[in-house]
Amino acid sequence: MHGQDLIRTVVGIVGNVISGFMFLSPTPTFVRIFKNKSTEEFHPYPYLACVMNCLFWIFYGLPAVHPDSTLVITINAAGLVLELIYLTIFFKHTTKKNRLIILSVLAGECLLLAGVAALTLHCFHTHEKRSMVVGIICCVFGIIMYASPLSILWKVIKTKSAEFLPVWLCLAGFLNGVTWFAYANLKIFDLYIAIGNGVGGLLGLIQLIVWTYYTVKEKRRGPKDDKAGEVQLQKTATNV
């Protein structure tokens, strides 16, 4: 194995470990949901986005589409299983509205994957063309996955509280994006892995900055301000 091949393999393994951490990072959130028997103000969108992202990256890594991508398949297959477990817990303890959203989005994701797979395998007959089509789609859904924690951002700004911004998911997303961006630049440049994860790393950094800003600001507030913030959060939850 040449030096650059070895480095790429090592970085890929590190990327798998960090991606595993990213997929495991929502565990504290779901322990809280399970204990409280309620999803509170948490959104299902980050986990639905992760499912779609994992499905397409698994398809991208198949030998018929992009050969020599075993590490891409293994981590996304593991991630898919974990995300489905999270969504099962979320589904059990959430509102009827969110249950309908989860079922509708999952059905739409399966139909979309089936359509893209049929189109790609029947209309494109080289690895280069198949990788291009699926890679572009992976970039789009990868960016959506990395950006999905921002769905709660307006509430963070409105309530001046970062309680419901999943910080471990944001941190793992940042590290994951940086690592896979490095992987994409080793040996043979992979444009699609580079774009999706490069943008993802940047979005993760933005989320960490927002979380840090409001967490530090909240700690500096006095007890009176904290109480006022709790009242505001309760009012917001009532109005949703």
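Note that Cβ sites are derived from N, Cα and C of the backbone, with glycine treated the same way.
Per TrEMBL, these features apply:
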type	residues	note
TRANSMEM	6-24	transmembrane segment
TRANSMEM	45-65	transmembrane segment
TRANSMEM	71-91	transmembrane segment
TRANSMEM	100-121	transmembrane segment
TRANSMEM	133-153	transmembrane segment
TRANSMEM	165-186	transmembrane segment
TRANSMEM	192-214	transmembrane segment
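Among the recorded stretches 45-65, 71-91, 165-186, the one sharing the largest number of Cβ pairs closer than 8 Å with the transmembrane segment (192-214) is 165-186. Same-chain residues lying 6 or more positions outside the transmembrane segment (6-24) and placing a CB less than 8 Å from one of its CB atoms are 50, 71, 74-76, 78-79, 82-83, 169, 172-173, 175-176, 179-180, 182-183, 186-187.
When each of 71-91, 100-121, 165-186 is checked for Cβ pairs under 8 Å to the transmembrane segment (45-65), 71-91 comes out on top. Contact counts against the transmembrane segment (133-153), taken as Cβ pairs under 8 Å, peak for 165-186 among the stretches 71-91, 100-121, 165-186.
Long-range contacts of the transmembrane segment (71-91) within the same chain: residues 9, 12-13, 15-16, 19-20, 22-24, 26, 30, 33-34, 39, 42, 44, 47-48, 50-51, 53-55, 57-58, 60-62, 98-99, 102, 106, 193, each at least 6 residues beyond the stretch ends and with a Cβ under 8 Å from a Cβ of the stretch. Tertiary proximity for the transmembrane segment (100-121) is limited to same-chain residues at least six positions away from its ends with a CB under 8 Å from its CB atoms, namely 44, 48, 51-52, 55-56, 59, 64-65, 87, 90-91, 94, 130, 133-134, 137.
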